[in-house]
Structure formats: C-alpha cells, structure tokens
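In what follows, a structure is listed as structure tokens, so that the remarks can point back to it.
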Amino acid sequence: MFIYLSKKIAIPNNIRLKCVSWNKDQGFIACGGDEGLLKVLKLETQTDDAKLKGLAAPSNLSMNQTLEGHSGAVQVVTWNEQYQKLTTSDQNGLIIVWMLYKGCWYEEMINNRNKSVVRSMSWNADGQKICIVYEDGAVIVGSVDGNRIWGKELKGIQLAHVAWSPDSKILLFGMANGEIHIYDNQGNFIMKMTVSCLHNVTGAISIAGIHWYAGSEGYVEQDCPCLAICFDNGRCQVMRYENDESPVFIDTLMNVASIQWNQCGSVLAVAGSLRAMAMEKEVNVVQFYTPFGEHLRTLKVPGKQMTEVAWEGGGLRIGLAVDSYIYFANIRPDYKWGYCSNTVVYAYTKPDRLEYCVVFWDTKNNEKFVKYVKSLMSITTSGDFCILATKADDTHPQEDADVESGNNAMYVLVLCNSIGTPLDSKYIDIDPLFVTMTKTHVIAASKEAFYIWQYRVAKKLTAMEINQVSRTRKEGRERVYHIDDSPSGTTEGPLDFAKAFTATRDPICCITATDKTLIVGRESGTIHKYSLPNVALVQKYSLNYRAYQLSLNCTSSRLAIIDISGVLTFLDLAVRSSSGDGSGSQAGTGDPSKFERKDVWDMQWANDNPDLFAMMEKTRMYVFRNLDPEEPIQTSGYICNFEDLEIKSVLLDEIMKDPERPNKDYLINFEIRSLRDSRSLIEKVGIEDASQFIEDNPHPRLWRLLAEAALQKLDLKTAEQAFVRCKDYQGIEFVKSLGNLQSEAMKQAEVAAYFSRFEEAERMYLDMDRRDLAISLRIKLGDWFRVLQLLKTGSGDCDDAVLEQAYNAIGDYFADRQKWVNAVQYYLQGRNQERLAECYYMLEDYDGLERLASSLPENHKLLPDIGQMFVTVGMCEQTVNAYLKCNQPKAAVDACVHLNQWNKAVELAKNHNMKEIKSLLAKYASHLLEKNKPLEAVELYRKAHHFLDAAKLMFKIADEEAKKGTRPLRVKKLYVLAALLVENYHSQVKTSQQNKAKGKTSEATSALAGLLEEDATSSDNRMVDSAWRGAEAYHFFLLAQRQLYEGYMVKAMKTALHLRDYEDIIPAVEIYSLLAICSSANRAFSTCSRAFIKLESLESLSPEQRQLYEDLALEIFTKHSTKNSHMSGLDSTPEGPEGKLPTCIVTGWTISEYQFWMCSVCKHCALENEIGSHNFCPLCHSSLA
C-alpha cells in the first residue's frame, strides 16, 4: 500500500482537538476538543466529469455543523452507524446522544452522573447496546432507545477503555494501570487477560487503545487476528480471540496515542510520535501493520501532538486529529488484482465466506467469471494468463509435491487462463512473497530464495494429456536458487528446496522480469540482474535506498524503481549507443540518473516503446516520453495496460465498493498526446501535413490512424504506404482490391463496410441496385433476419438455396435461445427436418413429431433418431412405426421390451421371425421371480400373451395366499384373475385355429381342432378344465357367511352344503365348522350332527381340539335331537336328467328351471329373478351390460 497526505482542515480559534471519529456508513466526521468544541463535518465529491471518480475527484465540505451542548473539553466521540446516532462526552462527565433530523444534528438524550468522568464508550456490533465506563469504576450498559440495561460499580478500579466482542457476548475493560479484564455481557467477571507483549517492561504504562474488528466485511484469511491492544510505550499485541495463547506481537518503538482497524480488518493504523535519534523533538507518525504484524508503511505528519486516528468507511482515507487541525491522508491499497487479455482479475472477501472471491471480469463482453480461492496470497498476470499464489490446503492431494524428500509443499502456484480455468499448478516449499511472470516463466521469491518455473500452455491437449504433462516433472523446467548463490547458467541439478531455507543477512524485497532478464532487489539496496531462460548472475548494482517496486521496459534496457517512500528513479541496464539504433543521442533521451519523482504509487512501461511510460503520482497520471512529462490527467485508477499509445486504467476503488457488479464506466482509456495531436492534425489540417508529423514521430498506431483517414478520403496511395508502415497485410490487400474496382460509389461502400458502418454500406449497395452484394455483406455478418428481408423485398425471384439457408439460420438463432416455437416456423420453411424433430421434441409436441415421421420417406436417416425420441417418452406404437419404416425390426423389438410392451414385442418377433424373444421373456420373468416380484412376472406374461404361463403363476400365488390364511376376499380375487387368464388362453387358441382353418372347414371342425390342440398342449389339465373351482369355492364360502350374518339361515345352510365339494381348496375344518353353525342356526340338527361327526374324524386336528369339538357336540345334542326340524333332503345334491344341476351364484340355490341367466365370461348361472338387481357378475365381476 502507499499513503500520502492530501488535505488539511483547520479548526477555528486554534482550539486543540482531543478526538475524531469517522462514521463508516454515512461518511460524517465528528471531532471534539477543548472548550466544549464539537463539530460534525462531511467531505463530499462534487464533479460532473464521469472520468473523475473516487480520490481524484475534488472533495468539499458538504456539512460543517458545530454542535452546542458541552462546556468542558470533549474527550470521547463514538458513532452508532446502524441507528445514525452520535454519542459524545466531556471532561465533566456529561453524555449527549445526538440524532440527525432533516440534515442537521440535534440533542436527543442527555445524561450526567455528576460523580466522575467518562473514559470510554462503545456501541456493540449491531448498534443495540452501548457500554459506558467511568474513571471511578462505574459501568453502565444501555440500549439504543435510552433505557438502562444494567449498571455496576467495580470497587477500587480505575477504568480507561472498553470494547465489545464481535458477537456482543464479551466485554473487555482496560484499567488505568494497564491491566485488561474480561467480563461477560451481564457484567460478571470471567478472567484477567494475559498481556504477553509487556514482557520485561518496567515503569508505569497505560493502554493507548483496544479495537476489536467485528468481521463485517469478512476476514483476510481463516483464523485472522482481529483484536488489537496497544500500550502507550509502543508495545502491541494482536489476538484471534480474548484468551489467545499465541498472539502476534508488534513493537512499534513509538509513543502511541490511538489505534484503529480499517473497514475490512486488513490494516491496523497506529498513531503517535517517534523520537528521532539526532533531533530532540518528536515527529508525529502513523504506522501501518497487517494483522500478522508485518510493517506496511510509515506516514510522517507535521504538527506538535497527534491525538487520534480514524479510518474512512471505504478504507481509502484516514483522518488524523493533530493540534487544531484534521489532516487527511489518501491510501492506495495493495489490491490483489491483475489484467490479462481484456480481463481484469480482482479478489475481495465476503463476510459469509472464508475464501477469497476472485472475479475474472471480461471487460470486452462485460461478462464475469467467479472463482472461490482459499488463502489467496497474490494475483500476477502476463499476456493471456494469470498466476494465483495460495497457501496449500490440507485437503488438496499434492500430485506435484516431492514425496521422496518427505516434506509437504506449503504453497501452490495455479496457472489460470483469462476466464479462471486452471491450466496447471505447482506445489512449492518457499513462501511466494513476490511473484512475477513473463510469457514463458513464473518466478516466485521468498526472502531468501527464488523459484523459476518454465510453464507451458498446451493449446491442443486433452484434459487427460494435460494431467500427464503436469505430473512429469521435467528436469530444468523448475529450478530454485538461493539469493547468495551466483549461478552461472550451466549447472542443472535436480529441484532441491532444501537450500532455499538457509538464512540470509540481506533478504529479497522485490522482483521483476522480462523474457530475457530477471531483476531481484534486496533490502540493502543491492540489485541483481540475471539472464533468462538459463539463469546466470550477470551483474550487481547498488543503490542507496530500498526498492519497493521494480519494472523493466520492453527492451530490458532500463529499470524503473519505486522505493519504500514512493520516489521513482531509473537505472540504465544496457549501455546505450549514441547512434545507430535510431533512438537519438544520450542527451536526447534525458539523463536517467538525474530523474526523480516523489509520491509515485504505480507505474507501467509501454509494451511497444522502451522510452514511453505512465506513472501515478498522488491523484494524477503522467505520461513520459524520453523522461519528459506530458500534461497530467486527474485520475486515481490503477494502470492496466499501455500500448498503441493508449493507456487502459481501472478504477479499482470504485469496483471494490460493489465488487459483484463491475461497471464498464470503471475502465478508462486515455490517449497520449502524440495520438491526440495526430488525430487533430488529420481532422483540421489534412493528410499531407499529418503524414509528415507521423514520419517524424513514427509509431504503428499513428500509421494506422493515417491509413484509416486516407481510406475515408479514398487516397489509396497514402493508405497503402501507411498500411505497409504498420505492417497490416490485410489492409494492404484491401487497398489493392479497392484499386481494382471501377465505380467510385462501390469503393465508398467497401470502405464503409471496412469501418463497420454496415448500414451505410448496405444503403450504398442498394442504391447501386446491387442487392446481391448487400445480401452477401449481411451473410458475412450473420444478420440473417436482414438477409431474409432483403431476399423478400427485392423485385424478381430470389435464390431458393439462399432463402432456405436464411430460414434455417434464423431457426438456429431461435433454437440457440431455446425459443422452440419460433424456431419451428422457420425450420418448416427451411425444410430442415433434423432440427425440426429436435424442436418438436423440446416442445413436447409429439403429434408434430409423429406427422414428421410419417412424412419422411422410408429408410430416412432421421427415423432411428425419431424412434429414440419416442422411446424416451414411452410412446411405443410411434416408436415401432418409426423403426419399422427404416427397416429396423430388431430396434423396434428392443424398444418394446424396454417399454415393457411384451405383447407388441412378441408379435413383432413372430412377424419378423426373431427367435430370441422367448428366451428373453423367460429370462426376464425368472429375474422378476428371483427378486420376489411374482405379480410383475404375471403382468409380463400377460402382456406377452403367454396366458397359460401367467395363469400357472397366478394359481400358484393364490394357493400360497390361501395357505397363509389371508382374507378370503383377496384369495377369491386372485383365483378369479387366474381363471380369467385361462379364459384368455382358451380364446387365444380358438382364434389361432380359426385363422389357420380359414375358408377350409366348418366352424365346428375348427372348434374341435382347437380343443384337441388345447388337449395336446396343456399338460396342466386340472388347471385348464377346472379353472373356476378356486373362485367358486371362495365365492360360496363368502356368500354363506354373508347370508348367515344377514339372517337368511336356510340360504346360508344350502350354500354351506355346496362347500363340501371343495375340500381340496378350502380346509375341511373351516367348511364343516361353517356348516355346523349354519345348520344349528337353521335348527337342522341332523345335518349339524353329520358335520360334527366329520369334524371329529378329521386327522388334521390335535387331540385337544378334537376333545373340544366332542364337548361342544355333547352340549348341543343333549338338548336337541338329531332331526332336521324343517324340510329334509337338504344334504343331498339334486340331480337333473343330464346329471348335476347348476347352482345359482347369487343365492347358492340349485337351479331347476329351464330359463336361467348365464355369465358370458365365466359361464356360471343364476336365477333370472335374482340377477336382475345386479350390474356385475357376482363371481367374476364382469359387467352385465
């Protein structure tokens, strides 16, 4: 970072300031001093110029209000930013809370204990609570609306400071004797803080400041120290939390008055005075440190006594209270950023993430790519690539690290392209404090050694090959050198980081490199020059100051050095010849040894001219040619790039205010004077004089400017000469082609097109009645909408091929943007069937897709793709049609199998004589059975029309369920399903026979043949013949119980009697138990007695169960005689003339009438008067309609 004083505001009547505080959110500055002085100021920038932003813009006081109310010296001022309140206190102990109302500050609350003086006040992080400490040990915690939350008197203690922890759970109290006590937020003492930085300090000391950064903008890195405690003797400790065992120690060697963190906790400012060795008087200084105790900068401030330091909210300025003045200093932070191939790469921290957010902002297309990087150390760019230096993560596997040497690499260099894609990475052991890169090498240096990696970017390698390349560590591609070695450029040993850790008395402080030279600066002022790519120490130079930033010009002949205090000087590395190279004599180029500029914080050489550079001095940019400055430009941007006489500068301060939304206004192009002069000469004086001026100040950019101006005026001779001078081959060819054109208008149109003025060029073509040229221009540009317009508007017919091309291109335009509906219209007109199919598919317009498939000729190459589209959405029939149309029955069968349409698959296989379908079916069925999914196997067989196999499985399932004793209704349903499958099988056999015997014989014959075939095929005769027995058994079983419960005892008993035929299906115990109940309820004790006899004789019963039945029989038949009370002959089954009479499935009665109803599906009968009230067959549940 770099810092310089920028402004000074005097307080009237020379009243001395005691304190200053800067509101981070709204930018108000409050300062308090003697005689009750309290002022609120606000600095605002007023500028109409869009280019002037940030620090470069002039700032004026937009508010300067004196707040009346204190009589004694104001000693403490503190802001509550969340609620826009200012809290102040004076030497009499009076506290005033001020609020902003209509642009002015007014008193809101007043409080005075009249006992003691307020030493410190602190608002917590969310602005809800304030803690006030008095000198006499009183502590008060109040809320933002003025209510007291709690108070406490700490006996015998003099308080001096207070600070809240970021989570508001802990309070730190600083005592007047230098001790710090830790309390919880209710005022209960926890412990004393160990202050290790005061080791071996004698005499009285006091606390200069306690500041605990609340983490509002994230942390520089994980576990970053954020609690700073500083004592007046200059000793300081920075801790991660209140009882950190190993804090960071800083000895500032100064008398400290005040400390404060910047807005993101990355810089700690320590203000006070330094006793100069030679002089007796003290100098005011502000020292800047990182949270890890590294010293960044020192700012000297005039005046007698500095009392307080305050950071601005953006971290770009600080305010200092010195005597009766407020001094302001501007800060140029060391952002982590770089610029490669039109892309600005920058990093920032977020409060909600531990990693750095690295943004690759493509300024040309205004696109940004974001990458999160843990423990980022620096960003370095060159050409099209950038290097991210990071600390190695424990979670990263280190493919590159030297496993043999046993040491784990601590740091990683990641090579990325301009959109943040990692191309290669290297693990290294040395701390990459300084990194530079050229087109071929990356050089990283620690304080003692530097590491060189010759990186390669594989243009045409696959990801796998890149991996292989990065794994093989080629000898010589990476090297390490200690700064005290003198390499000769010949010895190429193995990569050995061990030598890099030898300490040195004179550490490295900066590096830079070009393609052929590496420069390393050391803290003593020595500069080493090495040759690249074979590293050999060429020369050492010694300066009498320490370099901070080095930069080489494009020919490596001159080195620019910015030292630690911001002074820019030059060092000639190459001995310049006084003639011959066209650069003029030594005197002409200025004497670099006498050149010096102060307050320089950035500089950049031009990429194409060794004598041209731009530098940033405070808020001005100067361009120097041969060490002569041009007039300065007001800006505070960082220089990205300087070539073609144009400087690209980026306003990083503005970007960092809202890093997620970078704006193209923050990228500024400045033209240097020779370019501006040439342009005005061409415009005002003419081409002749301008070409003379450019001849005297040659540069390819100026020649191009002249060439373009000559083209505009159709001065082809000058244009050609100028294109030759700037080596633009395309330009030369273009001028030649212009020379071959006859018509003047045609030349003008071509020039307009050359300068991208396409509308104008097109208008000229059309005026010449050359519609074809206008169309070809638009085709080159890819503006197909305009092509279509031109094709349609012209008189006469247009070329059909071009028209179709235009339609398809517009279709592509809409398809790329996923506007499928629009795309379809154009593809239809362009007859582009491939893309049309894709659009229909994306639109889910399957009718359209089907129409398209049917309109295609047979064996069209698109049909398989359409078939595949139908498969993905499960449309079997359309799939089959598409595949059959392109003569791929195998694919059609596979699709049917995939979609589980087995019947279709079997049918197709039969029609196309495919053998493998049966085995496939069996395989799949057995797979389902293995997985215990029998019902799915049944469904599979059913779909494949293998009804008999399905029925077998179904009967098996039903039998198993019956054995388990499942609910009878479920078992009945399973048996009905099995029987229906058998019926399906019957009808299948019948139809196949009919088809075979078509036209040959009578129906009766074919039916007979069918039955014979059935007989031959079905080994499982029982199953086929008596398919309905199981269903009947459970039907009557359920019916008997239903009738019993409804009170129809006679019907119930009749139905139960039928069950005697089904002992093979329903367990006999259940049948005869039911019969016994029904007959006893019907008082038919004879039947009941026979049922008991049957029960007692069952072998399946255990003796205990049999005994129970016998006891029950005894009980019943001692009371009732074994005679049927009503009608006899119920037990015998009545026979008709043709054998057994049918049973009614509604009532369970035997049907003796000649007229009865029969179900068309299951062929079971019922009495006509009974079935009338039913809509479905009671047995098979088929509809009666």
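Just so it is clear, glycine is given a Cβ too, placed from its N, Cα and C backbone atoms.
According to TrEMBL, the domain 'IFT121/TULP4 N-terminal' annotation covers 1-332. Residues annotated as repeat 'WD' in TrEMBL: 67-98. Per TrEMBL, the feature domain 'IFT121 second beta-propeller' maps to 337-671. Residues annotated as domain 'IFT80/172/WDR35 TPR' in TrEMBL: 702-793. The domain 'IFT121-like TPR repeats' feature in TrEMBL is assigned to 1025-1123. Look at TrEMBL and you will find 1142-1184 tagged as domain 'IFT121-like zinc finger'.
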For the domain 'IFT121-like zinc finger' (1142-1184), distant same-chain residues with Cβ under 8 A (at least six beyond the ends):
976, 979-980, 983, 1028, 1031-1032, 1035-1036, 1039-1040, 1043, 1051, 1054-1055, 1058, 1133-1134, 1136
Do any residues of this chain, six or more beyond the ends of the repeat 'WD' (67-98), have a C-beta under 8 angstroms from a C-beta of it, and if so which?
18-26, 28, 30-40, 105-123, 126-127, 130, 132, 134, 144, 146
What are the DSSP helix, strand and coil residue counts for the domain 'IFT121-like TPR repeats' (1025-1123)?
76 helix, 1 strand, 22 coil
Can you check how the pLDDT averages out over the domain 'IFT121-like TPR repeats' (1025-1123)?
82
Per DSSP, what is the residue tally for the domain 'IFT121-like zinc finger' (1142-1184) in helix, strand and coil?
4 helix, 8 strand, 31 coil
Quick one: DSSP breakdown of the domain 'IFT80/172/WDR35 TPR' (702-793) into helix, strand and coil?
74 helix, 0 strand, 18 coil
